[in-house]
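Features reported for this protein in Swiss-Prot:
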- Asp127: active site, proton acceptor (ACT_SITE)
- Gly11, Arg72, Tyr73, Gly102, Asp103, Gly104, Ser105: ATP binding site (BINDING)
- Arg21, Ala22, Val23, Val24, Arg25, Arg154, Gly185, Ala186, Asp187, Arg212, Lys214, Asn215, His216: ADP binding site (BINDING)
- Asp103: Mg(2+) binding site (BINDING)
- Thr125, Ile126, Asp127, Arg162, Met169, Gly170, Arg171, Glu223, Arg245, His251, Ile252, Leu253, Arg254: substrate binding site (BINDING)
Amino acid sequence: MKRIAVLTSGGDAPGMNAAIRAVVRKAISEGMEVYGINRGYAGMVDGDIFPLGSKEVGDKISRGGTFLYSARYPEFAQLEGQLAGIEQLKKHGIEGVVVIGGDGSYHGAMRLTEHGFPAVGIPGTIDNDIAGTDYTIGFDTAVNTAVEAIDKLRDTSSSHGRTFVVEVMGRNAGDIALWAGIASGADQIIVPEEEFDIHKVVSTIKDDFENRGKNHHIIVLAEGVMSGEAFAQQLKEAGDESDLRVTNLGHILRGGSPTARDRVIASWMGAHAVELLKEGKGGLAVGIHNEELVESPILGSAEDGALFSLTDEGNIVVNNPHKARLDYAALNRSLAQ
């Protein structure tokens with residue numbers, strides 16, 4: 001394989017630029033040419049394809065977002081869109097593609113592979129909801145951004161004796177809420193993987209203020225459960241009388257310079273994706289397991305998800321065997337500040 005392309009698709013994630021940089025530099029070192037595709041699959045179909053060299057990826061490792069831009073392109077789910085994209089790739093002499101993104105992006109890569117066009121996936125999403133990897137690119141940065149924000153919210157919460165509901169991203173997976181909540185010492189964490197009793201939530205708030213002598217209460221809520229405003233309304237209807245505020249961290253979690261960890265794993269996975277294409281291997285997704293590079297069928301990575309579930313005892317049972325187990329219940333309460 002002499003010429004490959006790289007694209008980013010779906011929601012952006014800090015560290016995507018580091019992965020693109022690694023793909024380009026590794027490919028050049030292997031004597032391969034690299035082309036960039038702007039705007040993901042939309043740019044592929046439109047022929048928005050151009051050469052990438054070391055100069056184009058210089059100084060990109062510290063930048064958030066993706067300089068190749070990103071877009072959601074549902075038309076690529078249709079055969080017509082897939083064939084149009086492959087036609088453009090062949091027109092530019094491209095023999096394989098590295099796709100950086102989440103589950104929707106993986107489905108596109110899977111379709112390319114089914115048509116006999118080699119594609120390798122790199123997990124780039126802050127939600128950490130891709131199977132076959134312990135961590136996705138952008139997750140660590142998003143968690144650190146959330147923790148920094150929650151720490152600041154605790155300051156103002158303590159000053160006024162308030163309850164704060166902090167809504168974070170995570171439509172189908174509560175990983176950001178779980179990790180950020182534990183790291184910030186949140187008092188309660190509400191995730192899609194666990195059913196909650198709103199009356200118990202209210203009782204815990206009351207106990208903290210009246211019996212434990214606390215002057216704040218922080219609840220981290222994954223957006224996949226419901227909106228922060230809707231959750232606050234349920235709290236009030238269930239009898240919560242605390243001075244309640246809602247903050248939605250929203251898209252701020254997608255921005256910012258990637259952490260050292262995100263830069264490193266993005267670089268590892270980007271280089272490994274090139275190695276797989278050089279060997280003629282398509283239909284695979286790259287991942288990190290126990291700090292080592294792994295690969296798995298892209299079909300499974302796209303379909304299985306990486307969601308965890310919680311037992312009655314509060315233990316996390318991970319559907320993705322490449323993810324760690326945590327004692328959720330113990331950490332959630334014993335580490336709350």
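Glycine residues also receive a Cβ, built from the backbone N, Cα and C atoms like all the rest.
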Within 10 Å of Gly102 (ATP binding site) (Cα basis), scanning recorded positions Arg25, Asp127, His216, I find Asp127
I need the CA-to-CA distance for Arg25 (ADP binding site) versus Asp103 (ATP binding site), whole Å please. 26
Please report the Cα separation of Ile252 (substrate binding site) and Asp187 (ADP binding site) in Å, rounded to an integer. 22
Whose Cβ, among the binding-site residues Gly11, Gly102, Gly104, Gly185, has more other Cβ atoms within 10 Å than any of the rest? Gly102
Counting across all protein chains shown, how many other Cβ atoms sit within 10 Å of the Cβ of Tyr73 (ATP binding site)? 22
Tally every other Cβ atom lying within 10 Å of the Cβ atom of Arg21 (ADP binding site). 26
The number of other Cβ atoms within 10 Å of the Cβ of Arg245 (substrate binding site), counted over all protein chains shown, is 16
